[in-house]
Amino acid sequence: MARTTSQLYDAVPIQSSVVLCSCPSPSMVRTQTESSTPPGIPGGSRQGPAMDGTAAEPRPGAGSLQHAQPPPQPRKKRPEDFKFGKILGEGSFSTVVLARELATSREYAIKILEKRHIIKENKVPYVTRERDVMSRLDHPFFVKLYFTFQDDEKLYFGLSYAKNGELLKYIRKIGSFDETCTRFYTAEIVSALEYLHGKGIIHRDLKPENILLNEDMHIQITDFGTAKVLSPESKQARANSFVGTAQYVSPELLTEKSACKSSDLWALGCIIYQLVAGLPPFRAGNEYLIFQKIIKLEYDFPEKFFPKARDLVEKLLVLDATKRLGCEEMEGYGPLKAHPFFESVTWENLHQQTPPKLTAYLPAMSEDDEDCYGNYDNLLSQFGCMQVSSSSSSHSLSASDTGLPQRSGSNIEQYIHDLDSNSFELDLQFSEDEKRLLLEKQAGGNPWHQFVENNLILKMGPVDKRKGLFARRRQLLLTEGPHLYYVDPVNKVLKGEIPWSQELRPEAKNFKTFFVHTPNRTYYLMDPSGNAHKWCRKIQEVWRQRYQSHPDAAVQ
């Protein structure tokens, strides 16, 4: 153990502690070097400050010189100085945890790295690179490194806490940003890249997962483990192995194994496309096929893509890295910031502006449909119970405990309302015996029974399931449980399930379009028959029976 620790201390000397300065701007930090000598190594000599940050003892006979000694340096932070809370994220060799400093009550995102794992997986260069790059950055659109410390087993990086998490979470939640939101967040990313490239740094893994949002919903770019600091005479960096993420990797990295500042501009083009369309431009079943599409520039714009945003993306997704808008060969960031897409942007104080409310945009898919806008602002913090009428709620899906009159006889056909061969819904006032008969009938003749785990289907029908600007036909199956399954009707494959919880809430937008809100995502669905309100009504009915008639189910 001693040798392992010594190796890491030699390879990853944590010598600098970044501390807050008394500047009015929260983005300002000051780097304080503790010592020019390596930190103490167990079993070795200790000529510099101790690792706990206390000053070294004065040498005997040096009393006459004590007045010339520098003041003692601040005590190095230790794990016991913090109360550690929830896990914010996990990487291949690190965990990020929310922590509150006991002395100041300040919150930090502390990145904890296991020394043994770093050495075993040869990740020492990633750790040192991330620390070195972050110590160079002083800009409001980047996560800040405030301090570093270590114990015998772990390294700790104290980072600014981006309270609202990843940009990707919001893309998945609302599907497609409206033009105002797309413009604002693209402008912040451009401003950040201009600063980063001005420092001679290439990020090399820019993607929505690595763009966080702080408490005020401004961006904070993070994850510099694969970043590269260019030497003054170099314009590009060689990559001996693949770095980055498949959907956002630039063609020059695939063909020449080199990355340049313009590689980040390619990733910017992919991100803009994803903000508008809801999905990245290059998509396929595996990484090899994605790479083939990238090097052939094979991608399409969906209908209703904002025209000015499309023009900008086309000027960024260019195979020749020297022809991308914003690169040095194209006169830098001036022409990029002057693009018509940004004509209403005030660049000077973006970090002080109030971000627009996140608003989903669902353009009409045909001339007969309407555009839909979904204001996501209230959904950020409010997912209370649906306030719906509890009239005639039953304790189960059977009629035995309800106040509703039971229908006479055992003719189960009276409960089934067929709309067409692939659409029907059930009345819910059936007995347990009738439910058994309905389930037998379903198992024997309904081709969708195989997808619902032997649950009774209460309503089903084809819908167009929207994800951003893309739509796919699905068979939607509302069942007991409750469950909301959706199936590919052509390939007969179960594609997924809308997660049920007490916070689930249906919302009809017009005759065809309805939303199903869940805490982590809003599902956008369109009923081609124009009966969106019937889906919402049936979902509400099942929701009431699940949560208002079974209060204990809400905490399960």
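Cβ from N, Cα, C; glycine included.
What Swiss-Prot lists as phosphotyrosine is Tyr9 (among others).
Marked as phosphoserine by Swiss-Prot on the basis of experimental evidence: Ser25 (among others).
As annotated by Swiss-Prot, compositional bias 'Polar residues' applies to 28-38.
Swiss-Prot lists Ser92, Phe93, Ser94, Lys111, Ser160, Tyr161, Ala162, Glu166, Glu209, Asp223 with the feature ATP binding site. According to DSSP, Glu209 (ATP binding site) is assigned to a helical segment.
Annotation source Swiss-Prot lists region 'PIF-pocket' at 113-157, citing a curator's inference. Counting residues of the region 'PIF-pocket' (113-157) by DSSP class, helix then strand then coil, yields 19 helix, 13 strand, 13 coil.
According to Swiss-Prot, the feature phosphoserine maps to Ser241 (among others).
Lys304 (N6-acetyllysine) counts 16 other C-beta atoms within 10 Å of its own C-beta, drawing on all protein chains shown. Positions annotated as N6-acetyllysine by Swiss-Prot: Lys304.
According to its DSSP assignment, Thr354 (phosphothreonine) is coil. Sequence-distant neighbours of Thr354 (phosphothreonine) (same chain, six or more apart, CB under 8 Å from its CB) are absent. The phosphothreonine feature in Swiss-Prot is assigned to Thr354 (among others).
Swiss-Prot lists Tyr373 (among others) with the feature phosphotyrosine, giving experimental evidence as the kind of evidence.
Residues or ranges marked as phosphotyrosine by Swiss-Prot on the basis of experimental evidence: Tyr376 (among others).
According to Swiss-Prot, the feature phosphoserine maps to Ser393 (among others), an assignment based on experimental evidence.
Per Swiss-Prot, phosphoserine is recorded for Ser394 (among others), and the stated evidence type is experimental evidence.
According to Swiss-Prot, the feature phosphoserine maps to Ser398 (among others).
Under the heading phosphoserine, Swiss-Prot lists Ser501 (among others), citing similarity to another entry as support. The secondary structure of Ser501 (phosphoserine), as reduced to three states from DSSP, is coil rather than helix or strand. Listed in sequence order, Thr518, Pro519 are the same-chain residues six or more apart from Ser501 (phosphoserine) with CB atoms under 8 A from its CB.
In the structure as shown, the Cβ atom of Thr513 (phosphothreonine) sits within 10 Å of 25 other Cβ atoms. Taken residue by residue with DSSP, Thr513 (phosphothreonine) is part of a strand. Among the features that Swiss-Prot reports, phosphothreonine is placed at Thr513 (among others), with the record citing experimental evidence.
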Taking the Cβ of Ser92 (ATP binding site) as centre, how many other Cβ atoms lie within 10 Å?
9
Please report the Cα separation of Thr513 (phosphothreonine) and Ser160 (ATP binding site) in Å, rounded to an integer.
41
Neighbour tally for Ala162 (ATP binding site), based on other Cβ positions within 10 Å of its Cβ:
21
Neighbourhood of Ser160 (ATP binding site), C-beta criterion under 8 angstroms, separation at least six:
Tyr108, Ala109, Val143, Lys144, Tyr146, Asn214, Gln220
Using a 10 Å radius around its CB, how many other CB atoms surround Ser94 (ATP binding site)?
21
Other than its own, how many Cβ atoms are within 10 Å of the Cβ belonging to Glu209 (ATP binding site)?
16
Restricting to the record's ATP-binding residues (Ser92, Phe93, Ser94, Lys111, Ser160, Tyr161, Ala162, Glu166, Glu209, Asp223), give me the longest CA-CA distance in Å as a whole number.
21
